[in-house]
Amino acid sequence: MAVVKEGGAAPCGEGSGAYEDRRRQSLRARYAYGLVFFATNLLAWFVRDYGARALRGLHHVPVCGAGDSKCFESGGVLRVSLGCFIFFWLMFATTFGTRKLHEARNSWHSGCWILKFLVYVVSIGIPFIIPNIFIQLYGEIARLGAGIFLILQLISMLHFISWCNKRWMPDPGSNKCGLFGLFLSTICYIASFAGIGVLYFLYAPNSSCAFNIFTITWTAILVTIMMVVSLHSKVNEGLLSSGIMSSYIVFLCWSALHSEPQTGSCHSHMKIAKDGDWATIVSFIIAVCSIVIATFSTGIDTKSFQFRNDEVQLEEDTPYSYEIFHIVFAVGAMYFAMLFISWELNHPTRKWSIDVGWASMWVKIINEWFAASIYIWRLISPVLSRNQFVNDEGIVPRRPTV
């Protein structure tokens, strides 16, 4: 017998067991799409570094040209990225508005993998017959799309921090201790300040590294400001959320300095890896996995991007928003393209390198400062709103009687 919850009715013949099977299938589908995205990242790397030698047949394609690099190196990355974007945009368009597990579009999202594989192959192949001028135009648009992805990632991060704070930190008015939250806060701050010390050691070995010193010092100042604001009596946010955010911006600072071209005395202490060096390969693999994990974690966190999160989840409802999931992966395709070409459309690439260059460094630094600013504003905006409300109502606080 079908289970019917208040606010909705199950279709005739649909039992709770069938809904549970479809729900599990829908949740498993997320990992399949993640594997597709991971494989596309590897394909973009292969076309960039080895495509000109291994895919000689592409030289006979008119838009590629014989002995040209329009379909390889940076151009090849953009074409693979565009194909990935087309695939996930088609999935977005065909699953838009899917809300119930019994809909046909739910079956299309969670199954039909042979047909979707054919759609994927066609989507990847189409950009390799498109003239180069349109690929360059896509590259310009991809910069904007990658920026949108970073904003979505920040929203997901803030949502995760709020979830951690609500789960492991007690309410200000309660008598609970919250030992686990305090333990996590301590770990995060130890990692943050230790990380800042390591950054000084690695990227500011002498006083001539003025820019690196400024960047690291400003990061330390941001960490201190977030800690002080979160502990202010009017904010009373606690240390856990600011500790997690501090660790995040220290990571962004390290990532920015790591993307800085390794030239000059500020990198004299480090061995500049050559093409194919094992350390470079390991770093590259970690970077690719980080891209996939960042995209996947942002994509599955669809509730962070919904305007209403108070709706009752019914048995026949889809477990997450399919259109948000696919659009995140679509802009994620633009994001990985920018990382593979270091945010510069015609910049020469080096084998096994990823996200290295002055443009990449500045994108990460701005992302760090923007993330810290949004978090601080998130802390102080409720206090400012309360003060504004008091002023608008004309309420004058009473002076204490002597």
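Using the three backbone atoms N, Cα and C, a Cβ is placed for every residue, glycine included.
TrEMBL labels come from automatic prediction, so no person has curated them.
Within the same chain, residues 54-55, 71-74, 76-77, 79-81, 83-84, 87, 91, 113, 120, 124, 284, 288-289, 291-292, 295-296, 299, 325-326, 329, 332-333, 336-337, 340-341, 349, 354 sit at least 6 positions outside the transmembrane segment (31-48) and bring their C-beta atoms closer than 8 Å to a C-beta of that stretch. Marked as transmembrane segment by TrEMBL: 31-48 (among others).
The feature transmembrane segment is assigned by TrEMBL to 77-96 (among others).
Residues or ranges marked as transmembrane segment in TrEMBL: 117-138 (among others).
According to TrEMBL, the transmembrane segment annotation covers 144-165 (among others).
The transmembrane segment feature in TrEMBL is assigned to 177-204 (among others). Within its own chain, the transmembrane segment (177-204) has Cβ neighbours under 8 Å at 164-165, 168-170, 212-213, 216, 219-220, 223, 227, 238-240, 243-244, 246-247, 250-251, 253-254, 257, 260, 266-267, 269-270, counting only residues six or more beyond its boundaries.
The annotation transmembrane segment is assigned in TrEMBL to 210-231 (among others).
Summarising the annotation, TrEMBL assigns transmembrane segment to 238-258 (among others). Beyond its flanks by at least six residues, the transmembrane segment (238-258) meets 157, 160-162, 164-165, 168-169, 181-182, 184-189, 191-192, 195-196, 199, 202-203, 212, 215-216, 219, 222-223, 226-227, 229-231, 361-362, 364-365, 367-368, 371-372, 375, 379 of its own chain at Cβ-Cβ distances under 8 Å.
Summarising the annotation, TrEMBL assigns transmembrane segment to 278-300 (among others).
When Cβ-Cβ distances below 8 Å are used as the criterion, the transmembrane segment (320-341) is approached by residues 26, 30, 33, 37, 40-41, 44-45, 48, 74, 77-78, 80-82, 84-85, 88-89, 91-92, 95-98, 105-106, 109, 139, 141-146, 148-150, 152, 287, 291, 294-295, 298-300, 302-303, 305-306, 347, 349, 354-355, 360, 363 of the same chain, each at least six residues removed from its ends. What TrEMBL records for 320-341 (among others) is transmembrane segment.
Under the heading transmembrane segment, TrEMBL lists 361-380 (among others).
Residues 189, 192-193, 196, 199-200, 203-204, 237-239, 241-243, 245-246, 249-250, 253, 256-257, 260, 266, 365, 368-369, 372, 375-376, 379-380 of the same chain sit 6 or more residues outside the transmembrane segment (210-231) yet have a Cβ under 8 Å from a Cβ within it.
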